[in-house]
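To start, the structure itself, in structure tokens.
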Amino acid sequence: STMRKRETTDSPHSSTDLSEGKEKLRLKQEVGLISGVSLIAGTMIGSGIFMSPEWVLHHMGSPASSLLIWAACGLLAMFGALSYAELGTIIKESGGEYIYILRTFGSFPAFLFAYTSVILVRPAGLAAVCLSFAEYAIAPFYPGCSSPQVVIKCTAAACILLLTIINCLNVRLATSIMNIFTAAKLLALLVIVVGGLVLLAKGQTQSFQNAFQNTTAGIGAVGVAFYQGLWSYDGWNNLNYVTEELKKPEVTLPRAVMIAIPLVTCLYLLVNVSYLAAMTPSEVLSSGAVAVTWGDKVLGSWAWLISLSVALSTFGSSNGTFFSGGRVCYIAAREGHMPDILSMAHVRCLTPSPALLFTSAMSLIMIISGSFTSIVNFFSFIAWLFYGMTISGLLYLKIKKPELPRSYKVPIIIPIIVLVASVYLVLAPIIDQPQIEIFYIVLFIFSGIILYFPLVRFKCHPRFLQRVTLHLQLFLEVAPTTRDGN
């Protein structure tokens, strides 16, 4: 294929002609309903449900109140996803929050989101999940002692490199792996659920007697408990990052949301009930990894299945995070907010390989430096800051532009509830227990101003970058892409 001069029909970054101008290069629409459900559920079910229950219980103080938090987190994720589904049917472009903020509020806030997400949030989240995978995957090789950090980091790095190869080769291969691993992790959670139901049938209900005793009522404690629970639900918005790759997005997006999130919420609640059936609240609180402790108590010699399940779960989740995270980088570059090379796709594989390689490189840096832990702790703060901005954009479109065509409408009360929740989740920890790390995060977000005005607003691009882009194009065999016809 011969790369030709870009057309300017969509935008300076939107299209190219291939094969004498007869074909346009674009990403394939490979994601159907099953793959969409797998992308949402498979990314949501990571290490969180195996690790977070003890922390939710710690902050809430009682079993019943912790279960209420898990249910409320699921409801909030559902409301957020339904709101995003309407946005996805109005703005049928990939990129999630980035593209919605860009189309509603303009270039500057969209750039700040892309800058924060591409450089910090997505790579940190991916690095954290891959490190969780590595820890569980190599634990059987070091029985009775903690695994060496070097081995954990090397295994996590190998995981990221493997995911890079898979996602760069073929979209269908990446979605097939998501489907397989989602099925495997659902099976693992069903084992825990069935084990818990058997224990309840045998009369092990001590944890549920006086279930609200010692409940914490502090505004900050509830907010932090929500953060811990919502970390396990993170990924509810993943399908909006790949809208252009969906088959019939106006149908697939709402349906996948309505199947995946209630499924995950029910499983999470039943898994928590199972943990509390097998262990007392004090045992859950003292457990380093609640799922592993559950396996030791219930499965006996088969307890290794839980470690294997967590490893499979985290690998599948990291694949979903990588799949969608690379798209934010790709779309931001296509809109002129990132270097041109990141907006291109492989001419044969039709995958956004430069964006995926960049995301991979940033994640590897975070794994090597090991300085991402504090960032991940405040992941929810950044996430809900931008979720709130995106939802306020939907409310603006519903009130000011009701005439815009949309195949799906969410009742206005739902985005209002999500907006109020996001404001609470952003402000509650700051008001209750202000921490200096939040100031550093806000400082990092606004440091994007230094780059935005010279590089994006005034387009001061050094000439040598054009040569570098051309050489990288030839080396990586990539070309600029056009938007999907939607």
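The count begins at 1 with the first shown residue.
Backbone N, Cα and C atoms are what each Cβ position is placed from, and that goes for glycine too.
TrEMBL annotations: computationally assigned, not manually curated.
These features come from TrEMBL:
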{"type": "COMPBIAS", "residues": "1-10", "note": "compositional bias 'Basic and acidic residues'"}
{"type": "REGION", "residues": "1-22", "note": "region 'Disordered'"}
{"type": "TRANSMEM", "residues": "31-52", "note": "transmembrane segment"}
{"type": "TRANSMEM", "residues": "64-85", "note": "transmembrane segment"}
{"type": "TRANSMEM", "residues": "97-118", "note": "transmembrane segment"}
{"type": "TRANSMEM", "residues": "154-174", "note": "transmembrane segment"}
{"type": "TRANSMEM", "residues": "180-201", "note": "transmembrane segment"}
{"type": "TRANSMEM", "residues": "256-278", "note": "transmembrane segment"}
{"type": "TRANSMEM", "residues": "298-317", "note": "transmembrane segment"}
{"type": "TRANSMEM", "residues": "354-372", "note": "transmembrane segment"}
{"type": "TRANSMEM", "residues": "378-397", "note": "transmembrane segment"}
{"type": "TRANSMEM", "residues": "409-431", "note": "transmembrane segment"}
{"type": "TRANSMEM", "residues": "437-456", "note": "transmembrane segment"}
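Long-range neighbours of the transmembrane segment (354-372) within the same chain, counting only residues 6 or more positions beyond its ends whose Cβ lies under 8 Å from a Cβ of the stretch, are 118-119, 122-124, 126-128, 130-131, 149, 153, 156-157, 160-161, 163-164, 167-168, 322, 325-327, 329-330, 333, 341-344, 472, 476, 478. Among the stretches 97-118, 180-201, 256-278, the one making the largest number of Cβ pairs under 8 Å with the transmembrane segment (378-397) is 97-118. Outside the transmembrane segment (97-118), and at least 6 residues removed from its termini, the chain residues within Cβ reach (under 8 Å) are 87, 91, 237, 240, 325, 328-329, 331-332, 335, 337-338, 358-359, 362, 382, 386-387, 389-390, 393-394, 396-397, 444-446, 448-449, 451-452, 456-457. Between the transmembrane segment (256-278) and the transmembrane segment (409-431) there are fewer than 3 Cβ pairs closer than 8 Å, counting only residues 6 or more apart in sequence, so the two stretches are not in contact. Note: the stretches the transmembrane segment (180-201) and the transmembrane segment (31-52) are in contact (3+ CB pairs below 8 A, sequence gap of 6 or more).
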